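See below for the structure under consideration.
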Amino acid sequence: MAAKVKAVFIRLRFFLIAVFFLCLKTYALYKLGFQIQTDNLLQEILLLMNPISSAVLLIGISFLFSGKTRNLLVVILSFIGTCILYFNLLYFRFFNDFLTWPVLFQTSNAQDVQGSITELVRWGDLILLLDILVLLFIVIKKVVPLQVRGKREPVLLLGVTALLFTLNISVAQLERPQLLTRAFDREMLVKNIGIMNYHLYDIYVQSHSKAQRVFAESSDIDEVIRYRNENYKEPNTELFGIAEGKNVIVLSLESLQSFVINETIDGEEITPFLNQLIEESYYFDQFYHQTAQGKTSDSEFLVANSLFGRESGSVFFTHAGNEYNSLPEIVNEEGYYTAVMHANNKSFWNRDMMYLQFGYDKFYDIASYIVNEENSVGWGLKDLDFFEQSIDLLKTQPKPYYTKLITLTNHFPFELGEDDKLINEFNSNSGTLNRYFPTVRYMDYAVEHFFERVKEEGIYEDSIFILYGDHYGISEYHHKAMSLFLGKEKLTPFDHIQLQRVPMLIHIPGHEPKVSHTVSGQIDIKPTIMHLLGIDSIADVQFGSDLFSEERQSFTVLRDRSFITDEVVYTKGLCYDKGSELETQLENCEPYFEKAKLDLDLSDKVIYGDLLRFYQ
Ligand code: GP9
Ligand code: MN
């Protein structure tokens, strides 16, 4: 056996040397070119191993040939691999990001790179050709013998590639669960599955969504428009246009759920400031997040478009090239300056690409903030520092502006320094739930500080504020601990749906507070803001309705097809009576089946077919 393996190695040594060179080069570029940082040994191992499977596959194409052609192909394929790496490097030097398939065709990006190519190319880059020269030398000098094409080789090669890739993915899953389904961030993907496999994955995702777009026809939008017209709700006449010309400040509050509102831990309020703000705002206590795997990005998508995100994956990745008629773009036309402030990498959730499509004037990403060890925790910049630094940015913006600020500290795994813990942790078997309360409390404190500062800076009076929780923070996995907090014996699917409520506040200085019990969701934010600004929404393709409209139907559907009305909750094929919180006959839910289905399916149809390109 050992002798056989040795023989194979000797026979394939030229191929193996080439694979080794390409892997080594990729690893060196990860470290020196793309400056990928690792936090632990496992991540370092992943970086080392992730180029192998794709290098074997790429250079293995030579196995389809014999003799001189085969050896020459090894050199050419290595060169192609190097070119792919190099294009990424140039792109990275310009955008601090990895290439994506649609970007190659998005002319503005490509032109940006072309325009400054002389600044991006460096003499030292020639070192990337060193191995190619060595390989070429070997071929020319005939150092390695010529090989005949083996019948089984291509099959064997595919097998080995698959094996190597499976190994890679398994280790990556340990490091990043749900890596491919959530597809958070390009850097994370590259770090885990390697740059070449990332490109293959990207091509797969993009082509899949392209296909549905190709078969869509302009008449497909008609059904959607008809449905939209049937469901349009007249704005509330008293509030229509009330905020015209005022700044709109949107606070997307990380992982904030409604179950903490007006609750305490050891006698201490969890959200003292929000509780007080609710007393001075319009508050919607039956408001649901409608996100799925796209998490924050899904909530952003819902708010900007009044369309649903995807059932799986993230629409921010799969449909960032679509035509949208987004809120930033709409208010832009009314003279608003539009921006997002969020201290994370701009490519996270593909935001940099999607925001272009939404028409934001500016994305203040991590590069706009001073982030260091002292002011960071968990995912990055602490909320208090984030808000403080954002105030300076707000002040530089032309008025009126529409600005969304996205917080970060209250993110799983809910880490917080001792000094910032203003209340005790909870005491249960779930560390996650236990830690959640102090981080929520901290976020509440940071939001309070933000309000103090906007008042000090004279921003407050000229602005309206929209605050909402982006999605759940505590998953079903922690139900046992959660039941302890809620004082229930066991949580049912009904309780689970109730836990999908997130706080939603509209604070307009000078307005009397009001609590609304209308069942609603993130899909309703866009028409609500439009109407407050005096922009009619009848001609806009959207699936929500104005939260203030007197004609509003108290109803919302979640992305997993559960739905809620004043009377019932439908989830997991069961119908619950809201009053008794017990299961009831399916008949009671039936009248809403059609609406729930159409809302989701027609919204999906718009996205998959890129139908808004047919509608202006
Ligand atoms: C990342 C932040 C968190 O920038 O928005 O994303 P999430 O994991 O909550 O979707
Ligand atoms: Mn989030």
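Note that Cβ sites are derived from N, Cα and C of the backbone, with glycine treated the same way.
Automatic prediction, not curation, is the source of TrEMBL annotations.
As written in TrEMBL, here are the features:
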- T296: active site (ACT_SITE)
- E254, T296, D470, H471: Mn(2+) binding site (BINDING)
- H411: substrate binding site (BINDING)
- 246-535: domain 'Sulfatase N-terminal' (DOMAIN)
- S66: 3-oxoalanine (Ser) (MOD_RES)
- 12-30: transmembrane segment (TRANSMEM)
- 45-65: transmembrane segment (TRANSMEM)
- 72-92: transmembrane segment (TRANSMEM)
- 126-144: transmembrane segment (TRANSMEM)
- 156-174: transmembrane segment (TRANSMEM)
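Structure with TrEMBL features highlighted.
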| residue | record | contacts (Cβ under 8 Å, 6+ apart) |
| --- | --- | --- |
| S66 | 3-oxoalanine (Ser) | L146, Q147, V148, R149 |
| E254 | Mn(2+) binding site | T296, I406, T407, L408, T409, N410, H411, M443, D470, G473 |
| H471 | Mn(2+) binding site | S255, H289, T291, K295, T296, D298, S299, V502 |
Subject >> Cβ atoms near the residue listed as 'substrate binding site' (within 10 Å, other residues, all chains) >> reply: 20
Original post:
How about the transmembrane segment (45-65) and the transmembrane segment (126-144): at least 3 CB pairs under 8 Å, pairs 6 or more apart in sequence, or not?
Top reply: no
Subject >> C-beta crowding around D470 (Mn(2+) binding site), within 10 angstroms >> reply: 26
Subject >> Output field, Mn(2+) shell: CB within 8 Å of site CB centroid, site E254, T296, D470, H471 dropped >> reply: S252, L253, S255, L256, H289, T291, K295, S299, I406, H411, G469
Original post:
Taking pairs 6 or more apart in sequence, does the count of Cβ pairs under 8 Å between the transmembrane segment (126-144) and the transmembrane segment (12-30) hit 3 or more?
Top reply: yes
Subject >> Structural state of the residue listed as 'active site', classified by DSSP into three states >> reply: helix
Original post:
the residue listed as 'active site' has how many other Cβ neighbours within 10 Å of its own Cβ?
Top reply: 24
Original post:
Got a sec? Which of S66, E254, T296, D470, the recorded positions, have CB under 6 Å of any ligand 2 atom?
Top reply: E254, T296, D470
